[in-house]
Amino acid sequence: MERLGIVFLSTLVLVLFHVFVDASQNQKNTYIIHMDKFNMPADFDDHTQWYDSSLKSVSKSANVLYTYNSVIHGYSTQLTADEAKALEQQPGILSVHEEVIYELHTTRSPTFLGLEGHESRSFFPQTEARGEVIIGVLDTGVWPESKSFDDTRLGPVPASWKGKCQTGKNFDASSCNRKLIGARFFSQGYEAAFGAIDETIESKSPRDDEGHGTHTATTAAGSVVTGASLLGYATGTARGMASHARVAAYKVCWTGGCFSSDILAGMDQAVIDGVNVLSLSLGGTISDYHKDIVAVGAFSAASQGIFVSCSAGNGGPSSGTLSNVAPWITTVGAGTMDREFPAYIGIGNGKKLNGVSLYSGKALPSSVMPLVYAGNVSQSSNGNLCTSGSLIPEKVAGKIVVCDRGMNARAQKGLVVKDAGGIGMILANTDTYGDELVADAHLIPTAAVGQTAGNLIKQYIASNSNPTATIAFGGTKLDVQPSPVVAAFSSRGPNPITPDILKPDLIAPGVNILAGWTGKVGPTGLQEDTRNVGFNIISGTSMSCPHVSGLAALLKAAHPEWSPAAIRSALMTTSYSTYKNGKTIEDVATGMSSTPFDYGAGHVNPTAAVNPGLVYDLTVDDYINFLCALDYSPSMIKVIAKRDISCDKNKEYRVADLNYPSFSIPMETAWGEHADSSTPTVTRYTRTLTNVGNPATYKASVTSETQEVKILVEPQTLTFSRKNEKKTYTVTFTASSKPSGTTSFARLEWSDGQHVVASPIAFSWT
């Protein structure tokens, strides 16, 4: 009997294994199929017939989710792994890639950027130009009732616009106007993975139920709204960077994330609709350019004169955490502004500590209250993080609780404290966040403090048998210095895909940004938060990206003839990396000077960017040469460029030759086998500058922090006699020895006495 039982169990395990394997083999996932459209067989009259035929050859039941006609040629569908592999072998198929889920990278800023009073005078000399630029925002949709979409001062919708206002739940044609000129939603990829959208939770329409999309759209191009604030904080006039530009919203992000098939469909449609700027505050996993849907879509957009701005990601302060690093994308990191929302903590030993908060409810008593550390009053191993159900009510009731930042949402921790009977919270940074201060509209009295202050508070609790504290709130404080500083969360270089291209390109305001909000949820986004606000204050590179998108729209209106690369160059070469006292912009994560791997070319300076003097321009062919330098095969290049291109085998292609406004030099790559030797080694970079100003003579100057690498610029003087004239120069880097450190930096500037055209130089040794 025992033997029979063992045989039975073995057979059962074997059967279950085969069932599992069969289920895995039959599981369908979404794939994006890139087609060689221009080599369609003569048997077909239409490319959609060809696409459908190719699909039916491997799966009779599969249906096309989207057909892509602009940013790529191809379609998306659901297939098993075996079907996808079989389809990849079909003629005319360039590539088959499984779908990727992207995530969102989640006022005072016009004044901080020096834009107050400048938009009408400097950026838009012709009134008609202000409303001709259209910004397409791919995000969670839009809340059309926001005052930031008021169209009172705008003229007719641009004649070039081909988009529409797509109707759906809680969204009809009247939701659009002369400001919000278009709105669409793309959900087929999301629904293929998760099933039909639950319309009791989110709207199957362009309506923004989450808030992120409305915030990014109004940051980029919100209309002027007086008396704006969040619960009394940051009171003043709210306006987007390009307040006269038009907005087109493309909802591609849902409760379960942002699916690449939907993102691609949104980009495809935005290009067809006629946007001038694309803003994407989202990112996915790091992959080669031909496998990165955002990179592929952005290449096509840039090829058609559309400026593409993307967030760098919120993976800082760790190095090499960037996303959206393709050189035809402008990659934006985040910095702070000169505005804070102070909270004041007093602890029982007499020490006074500073934090931040956007709490607006009933204040705590002015008298001291009992204080505990969550790690000491928890019933779980990670109780210090105040995760759901982790606190012991008997030890928390009536007390202020110190919770460590991390894992769950910051405002959610306060609800955990409240549910356990706590009366207030001090949210303490760990070493991951350093002394960075990010404010939230907490639901209980809360002060967020940096790591230094948090450690002092926890040390006080550990050394005192009856610890106490007070929390008070200071409203809005302006002219905070130093500012800007690089945000701790802002993703850092080096570029993980192509170290030879310095990323991020620049930084912009991304901490505690006030902008429009959805009417569906409160400012924390938590289900328990029933407060209704027209504006919200949130942080992330999601917020810095639309700042640059809006600024690009300003430059596009002022200089319609400029290419996307010229606009990016103007923004980069006029950025600043030092304060007025000459000190380098600080990194809040370390409390020390930041580097070009943190801020790229520097912090954006739009009033200088409108008149940069010179620009580093790039064409589609330059990007093709860049792909050749990466040894991309013809089929890989065709996925990106959508045309037959063969790299010249007799030509030497170098990434270093891409006419980029910055320099990133991995020493082992540049010097090869000589990098570790004592023999001096030499490498040269060539750049071309285009004059976009008046005739002038520019002189080169270099400042460097490294003695091991000598930098020579030839010629050292460039004379431009007319507008759009081009001049080429060479930078020679001579390394005498390998330095003791792993990185060093320099800066090259061209100046005519009026303009400074600056480029950061980053050296890295592995």
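Glycine residues also receive a Cβ, built from the backbone N, Cα and C atoms like all the rest.
Feature list (source: TrEMBL):
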type	residues	note
ACT_SITE	D139	active site, charge relay system
ACT_SITE	H212	active site, charge relay system
ACT_SITE	S542	active site, charge relay system
DOMAIN	132-586	domain 'Peptidase S8/S53'
DOMAIN	370-456	domain 'PA'
DOMAIN	657-762	domain 'Subtilisin-like protease fibronectin type-III'
SIGNAL	1-23	signal peptide
Rounded Cα distance, in Å, between D139 (active site, charge relay system) and H212 (active site, charge relay system) is 7
The DSSP breakdown of the domain 'PA' (370-456) into helix, strand and coil residues is 26 helix, 20 strand, 41 coil
If you measure between the CA atoms of S542 (active site, charge relay system) and H212 (active site, charge relay system) and round to the nearest Å, you get 8
Excluding its own, the Cβ atoms lying within 10 Å of the Cβ of D139 (active site, charge relay system) add up to 29
Checked against DSSP, the composition of the domain 'Subtilisin-like protease fibronectin type-III' (657-762) is 9 helix, 60 strand, 37 coil
Averaging the pLDDT values of the domain 'PA' (370-456) gives 93
Within 10 Å, the Cβ with the most other Cβ atoms among the active-site residues H212, S542 is that of S542
